[in-house]
């Protein structure tokens, strides 16, 4: 099976063919570290971590680079407001970022370059653009000369005339064309700065990613990814800078994830409806947040609400309960061989369907449907009077493998005594209401969590298995 990726550049799905056989060079734009990340910021790390994991599962050696912007207007503003220096704030929120995304199941990148640690190659990149006539200095600032790059607008699919019509020159800017963008910004009084051929200053946002992608991945990379909001102007400008300098294709496949809405309203700081990751993971299991995010195709918007999160949790718990029941049954299973082929063949179908979903532009929503199918099928098998250890082990391994590809874990936290008592009371009420289906489900769910119930004349007793 071949992987196909929706390429923003061509607006169609294309067969994925990396430059080097079995190797993938992948760059994902990272955060500006001036504050804690919100769930919108967390979607790209989760999405593209999953892409990376699947590529690795398929046998690719993935070189995954994701940067930190640790000097920027927002950082300077935060430093002034807090009375701290920029490096102190950046260090604090780099650490906070790692805590958040690690909790969400994201692996560290191969390299996490920081702008301040790569200033020499950024300045060198700008100087080369100046030398080639693609950039010019203006009173200490350096701008990219957009009209000199013939392909400008090809990623956002907008004619340059339309882009120029919507652009403007801000107060204090000294550029020749409204579409020109800053490669280097002259330092203002009291700002952090670096020495350069154009005087004291710091780099513009767009040049940072171009320079660091080239340093760590070369002139042409396989996959460049980020949030939908970065397609223009950030990624458009990256293409212009990089291809103007090298004369080569900068990135062959462009991937962009969709936005997140909060209760059907676009999430934004101006509306005050954003949710910080370090807050939400205190309220909900981080694995649930990831499962929820992956239950929607990465290019589609996600509507984030507590009702939807709870509904997703119910589904996740069904899979985990099936897994727990399988693990519990393993000890009592035998070396039975009759009918094994029938169940193992069905498992193979689920595996194929899962991979077909992921091969189709990393469709995690359809892939998760196959997880439910595996769990449901396993539950059917557990109804058999006698079960085979071979089949049980195959179910367990399959669920563990598929969950791992999605960056998820199947382990369930041990229930507290009061949680067990509450579920037993809920079961008693269900039996009183003659809702035997719910009663049996609660019993089976507890069994999957290694809690054994015993109904006696004196009431229900329980013990840990």
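Residue numbering: from 1, along the chain as shown.
The backbone N, Cα and C atoms fix where each Cβ goes, and this holds for glycine too.
What Swiss-Prot annotates here:
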- 29, 209, 234, 238: Zn(2+) binding site (BINDING)
- 31-41: motif ''HIGH' region' (MOTIF)
- 266-270: motif ''KMSKS' region' (MOTIF)
- 269: ATP binding site (BINDING)
- 270: phosphoserine (MOD_RES)
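Panel annotation: around the motif ''HIGH' region' (31-41), residues 68-70, 72, 74-75, 77-78, 89-90, 93-94, 96-97, 100-101, 227, 259-260, 267, 274-278, 280, 289, 304 of the same chain, lying at least six beyond its termini, place a Cβ under 8 Å from a Cβ of the stretch. In terms of DSSP secondary structure, the motif ''HIGH' region' (31-41) contains 3 helix, 2 strand, 6 coil. Each of the binding-site residues 209, 234 was scored by the number of other CB atoms within 10 Å of its CB, and the largest score is that of 209. According to DSSP, residue 29 (Zn(2+) binding site) sits in a coil region rather than a helix or strand. Taking a C-beta cut-off of under 8 Å and a sequence gap of six or more, residue 238 (Zn(2+) binding site) has these contacts in its own chain: 206, 209, 210, 213, 224, 250. Using a 10 Å Cβ-Cβ cutoff, residue 29 (Zn(2+) binding site) registers 22 neighbours.
Neighbouring residues of the recorded Zn(2+) site, listed in sequence order and excluding 29, 209, 234, 238, comprise 205, 206, 208, 210, 224, 226, 230, 235, 237 (Cβ within 8 Å of the Cβ centroid).
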